[in-house]
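According to TrEMBL, the feature domain 'ABC transmembrane type-1' maps to B:69-282. According to TrEMBL, the transmembrane segment annotation covers B:12-35, B:75-95, B:107-127, B:154-175, B:211-234, B:256-283.
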Amino acid sequence: MLKSAATPRQTSGSLLTRQMRKLMAAGTLTLFATILLMVYLMPLLYSFSASLKGPVSNLDSMFVPTSAQSVTVQGETYELYEVPIAGKTRTLALAEKRRAFSTFIDPAHPETKIRWQGNWRKLTRATSFDPQWQNYPAAWQAIHFGKLFLNSFLIAFIGMIATVASSTVVAYGFSRFDIPGKPILFLVLMGTIILPGEVTLIPLYTVYYKLGWVGTWLPLLAPLFFANAYNVFLLRQFFMSIPRDVDEAAMMDGASPFRILVSIIVPQSWPALTATALFHFFYAWNDFFAPFLYLTGKPDLATLPIGLASFSTVHGPNQSQLTQAASIMATVLPLVVFFLAQRVFMRGVVVTSLEK
Amino acid sequence: MLKNHDRFWGLLFLSPWILGFLLFTAGPMVTSLWFSLTDYNLAKPEQVQFIGLANWGHMLTDPLVGQSLLVTLKFLLWSVPIGLVFPLGLAVLLHSEHLMGKALFRTLFYAPQMIPGVAAALIYTAMFNPQGPINAFLNGIGIGTLDWFSDSRLVMPALTIVGLAGVGNTMILMLSGLQSVPRELYESATIDGANGWISFWRISVPMISPVIFYNLVLSVIGSFQYFTTAYLLYEGQGGPENSALFYMLNLYKEGFVFFNMGYASTLAWGMFVLCMVVTAVLFGTSKRWVYYAGGE
């Protein structure tokens, strides 16, 4: 609404050039963003192509999923190779493997044998574009994808609600109230981020073990109801940038602090709250270590990352194409959630505080 | 009167965190501090022996601690500036009114952040391989194939490149910061004759400085604790000539490979002290450049 009101109408000629310039700027910028995106998405494209490869072709080959070609001539199957003969490269079937020379046949004229000098091992296999779509259903079945998906979703979703709600309340406390010893409390809060989790791991595990929580979802969920230092610090930064005049006015009108949080602070912080919620969701969705630590031996409660890791441990090596297929499937839901939720970022914050 | 009111409500709002801290965090923290004063072998947990400050003395003279601290600080100097400027640039791009298809761009620029860790490790190893796409590109522009995993000079560039895929969260925070800047500010600046560059430095940056500060603090702490990617890329080792022996990797090896949990706890608390000082300094400087519309 602000945009249209701000555009001054001038003569039609200058309006045209103005629009032309706008279009040019939009085109250039979008092109630039597209090129940048292509480079930026390389890992994802790589993952996608790797998910379509065969079990033997390793990840080293480039972006196109290819398979080594073979041909069947008169009931016999031969491997196809790219053979350089008389300055030209021909695709031929290897009929007889020898060290110093080999015999090839042309699949189109199988009756003539072609003798080639050299070591056949130095030749490259003929490959063709051959995406292995069946990797997806195979990966799905190998790890009971549906069950793990549901578990991951529940853990990520419950945790998201818990951590956003509790962190919002605590961040509000830190950003708006005079509490004795607040700087020290805040230092302790930062301290919990600074001390690496690896060293509190064993004592923490002991605590959960004594509570009888190991082997359940409780270690993954319960602490989130008590606010998380990262989110508290983040939300405090946003709350502190909201001018105080509106909540002070509301307080004069007798609104309780809780009411101010719900009807003034939260509506002005939607982008930050959405971001926090999504970050937690994605973090929990992809977290491997905590579920691995607390849910080992409980396949019914396991999450997707545990399933993904099992491709290399349980299903043997050289299953990277299945890992990639499963991880692409695991990325689809977060992508869709993000696409839908990013509208909240688009929408600017309601500028109540500035309409004085 | 108003003070008491503040105190009551403030403590009430903080109570979930204080309770959670006492329930789940305080105990393990104190325990790990106690471990740092003991000879605690993870394989023989019944033989914990109090040895006073011996671990702390050893830490100060341990050459691996010096080396790993150097690697970590070097990485910090690479990763913190890039980790702030690059996502800020992306956020400005994705915020621009001229960009078409913003929703799609925002989602896709965030997408690499969502690749599960297990799959990401495979991808990045493959991408840096001699036949991988990065070397193919370098060959194409005439630089030639680089040996990313055994040349100690390439450790930091390699980890920086991998790190660029993980800037999605920072980018989104910067973006939501930019989104919260009232349009009127830009409009009145334009009327006063400010161009885009001046508007960016005089309006955008100060207005999102709380978010920049958050990311600065967390990326400094994150660099001190940097571990997973280096661990995965160099398969649990310290990289060529220990050039990827990060502080946390050293700590992890002491604790979980050599089972010296006592010494590992000392290393953690040593880093805690260092990191706390740096964070306190950052908070000290923040009063000069971070702008809170709601007041300090």
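Heads up, residue numbers simply count up from 1 along the chain you see.
Cβ coordinates come from backbone N, Cα and C, glycine included.
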* So what's near the transmembrane segment (B:256-283) in sequence-distant terms, Cβ-Cβ under 8 Å and 6+ beyond its ends? -> 32-33, 35-43, 48, 51, 55-56, 58-59, 65, 213, 216-217, 220-221, 224, 247, 250
* To do: Grab the same-chain neighbours of the transmembrane segment (B:75-95) for me: Cβ-Cβ under 8 Å, and only residues 6 or more beyond its ends, written as numbers and ranges.
  => 102, 105-106, 109, 156, 159-160, 163-164, 167-168, 170-172, 174-175, 177-179, 200, 204, 212, 215-216, 219-220, 223-224, 226, 246
* Structure fact -> Given the transmembrane segment (B:107-127), its same-chain partners at Cβ distance under 8 Å and 6+ residues beyond its ends are 90, 94, 133-134, 162, 165-169, 171-172, 228-229, 232-233
* Asked: By a Cβ-Cβ criterion of under 8 Å, what residues six or more beyond either terminus of the transmembrane segment (B:154-175) are in contact with it?
  -> 74-75, 78-79, 82-84, 86-88, 90-91, 94-95, 106, 109-115, 120, 124, 128, 134, 146-148, 208, 211-212, 214-215, 219, 229-230, 233, 239-240, 243-244
